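Trainee: My questions will all concern the structure given below.
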Amino acid sequence: MNDYLEIIDVVARQILDSRCFPTVEVEVYLEDGTMGRAAVPSGASTGMYEAVELRDGDKDKYLGKGVLTAVQNVNDTIAEALIGCNVFDQPYIDKMLIELDGTNNKGKLGANAILGVSLAVANAAANALGLSLYKYVGGVNAKVLPVPMMNIINGGSHADNSVDLQEFMIMPVGATSFTEALRMCAEVYHTLKNTLKDKGYATGLGDEGGFAPNLKSNAEAIDVIIEAITKAGYKAGEDMFIAIDAASSEYYKDGKYVLENEGKTLTSAEMVDFFEDWVNKYPIISIEDGMAEEDWDGWKLLNERLGKKVQLVGDDLFVTNTERLEKGIEIGAANSILIKLNQIGTLTETLNAIEMANRAGYTAVISHRSGETEDTTISDLVVAVNAGQIKTGAPARSERVAKYNQLLRIEEELEDVAEYRGKKAFFNIKK
């Protein structure tokens with residue numbers, strides 16, 4: 001096997017994401033004629049500690065959301081540094097990209113520029129070897145297909161409705177394969193649409209393909225999902241569990257949690273009580289961002305009360321950053337990390353965060369963003385690292401479905417080697 005292949009060109013362009021905002025797409029060309037491509041996602045609710053996504057700010061073009069500066073940074077500064085490098089030396093290339101930027105948040109060149117290049121390099125290397133990306137990144141032991149954490153009711157920043165919490169999801173832990181898991185979720189999704197219609201609710205979709213009805217309360221979102229699970233022929237708490245992304249930083253104001261649509265203002269301790277009541281009442285297996293990104297004491301209390309029963313996922317809390325993750329591990333905040341490639345900005349740093357989480361006994365959930373493209377890198381990544389869980393929206397809208405279809409292909413390619421761990425994917429809890 002050739003272990004040295006030069007990069008001969010790097011080309012970036014501005015494309016559109018699923019929310020009709022510009023994003024960066026990068027192509028890396030190799031001396032043997034191989035090309036690798038990657039497109040960068042973008043978030044709606046973003047953590048304050050995320051790597052910086054460079055936007056042009058020109059209000060006359062795409063409402064200031066253009067990314068031509070990031071594109072130019074790739075085509076000029078980054079391309080000049082990358083041409084002649086060995087495509088198979090991913091750690092070196094990622095280190096060089098970080099040093100080329102020179103800031104601690106990738107604010108000079110832009111995390112969207114840097115990530116696009118990092119992922120395009122990995123794709124080019126895999127293509128040159130004739131390997132699937134998951135095999136190139138994960139090696140021969142890459143074999144675990146993920147339990148989907150499927151967002152089927154959208155609220156918060158992902159929808160214009162009366163639901164405070166951002167995402168209500170289903171997890172088909174009772175399936176025996178990813179193929180079966182996807183079918184189960186699709187059946188519940190269609191049943192939920194009919195259930196909402198029967199109740200007189202609108203069935204318009206949010207950013208991630210979930211329904212965005214004007215429900216009477218946050219709890220009604222869970223009630224109607226459980227009803228749909230039952231009507232679809234499955235058992236809530238056995239075949240399927242509920243997962244929640246509270247995105248609580250979005251309604252954390254002056255040290256309090258303001259649930260406007262319920263007319264409640266809660267302290268950290270009261271917010272923990274709120275979730276504990278839900279966990280005792282409903283078949284909830286995972287809560288993401290239950291507390292705000294700055295409320296470390298609240299996170300610690302939440303973990304003390306619920307950490308043995310429920311997966312507690314840090315998204316805004318950790319932003320895929322090893323420094324923040326290390327602090328969380330030290331003080332006992334959360335027991336899981338959400339992994340978003342564009343929060344940190346390179347493939348190598350992402351893999352480092354996953355490794356640190358696993359060493360500490362944390363699960364890692366590989367995630368999309370609300371602004372997505374047809375890029376399927378995260379589908380390969382979740383199998384490459386045997387994470388066992390993926391969060392990539394509803395089984396609707398092609399930018400979400402593309403990820404699920406890629407996982408079907410991977411499961412087919414792995415054949416008998418493929419593993420679907422179901423409830424065993426939650427090795428961090430005893431429920």
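Cβ atoms are placed via backbone N, Cα and C, with glycine included.
Positions annotated as (2R)-2-phosphoglycerate binding site by Swiss-Prot, on the basis of sequence analysis: Q166, K340, R369, S370, K391. Summarising the annotation, Swiss-Prot assigns active site, proton donor to E208 and lists sequence analysis as the type of evidence. Annotation source Swiss-Prot lists Mg(2+) binding site at D245, E288, D315. Residues annotated as active site, proton acceptor in Swiss-Prot, with sequence analysis given as evidence: K340.
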Trainee: Which one is it, among the binding-site residues Q166, K340, K391, that lies nearest to D315 (Mg(2+) binding site) by Cα separation?
Mentor: K340
Trainee: I want to check the contact list for K340 ((2R)-2-phosphoglycerate binding site): same chain, sequence separation of six or more, C-beta distance under 8 angstroms. What comes out?
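Mentor: Set apart from K340 ((2R)-2-phosphoglycerate binding site) by at least 6 residues yet with Cβ under 8 Å, we have P41, G43, D315, V319, T320, S367, H368, R369.
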Trainee: Other residues with Cβ within 8 Å of the Cβ centroid of D245, E288, D315 at the Mg(2+) site?
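Mentor: Leaving out the recorded residues gives Q166, E167, I244, A246, A247, I287, D289, V313, D316, L338, K391.
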Trainee: Give me the CA-CA distance between K391 ((2R)-2-phosphoglycerate binding site) and E208 (active site, proton donor), in Å, as a whole number.
Mentor: 10
Trainee: Mind checking which of Q166, S370 has the fewest other CB atoms within 10 A of its CB? They're the binding-site residues.
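Mentor: Fewest other Cβ atoms within 10 Å, among the binding-site residues Q166, S370, is found for S370.
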Trainee: So of all those recorded positions, E208, D245, E288, which one's Cα sits nearest to Q166 ((2R)-2-phosphoglycerate binding site)?
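Mentor: Spatially nearest to Q166 ((2R)-2-phosphoglycerate binding site) by Cα position is D245.
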Trainee: Which residues of the same chain, at least 6 positions away in sequence, have a Cβ lying under 8 Å from the Cβ of E288 (Mg(2+) binding site)?
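Mentor: Set apart from E288 (Mg(2+) binding site) by at least 6 residues yet with Cβ under 8 Å, we have E167, A243, I244, D245, A246, A247, V313, G314, D315, L338, V365.
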Trainee: To the nearest whole angstrom, state the Cα distance for the pair E208 (active site, proton donor) and S370 ((2R)-2-phosphoglycerate binding site).
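Mentor: Computed Cα spacing between E208 (active site, proton donor) and S370 ((2R)-2-phosphoglycerate binding site) is 6 Å.
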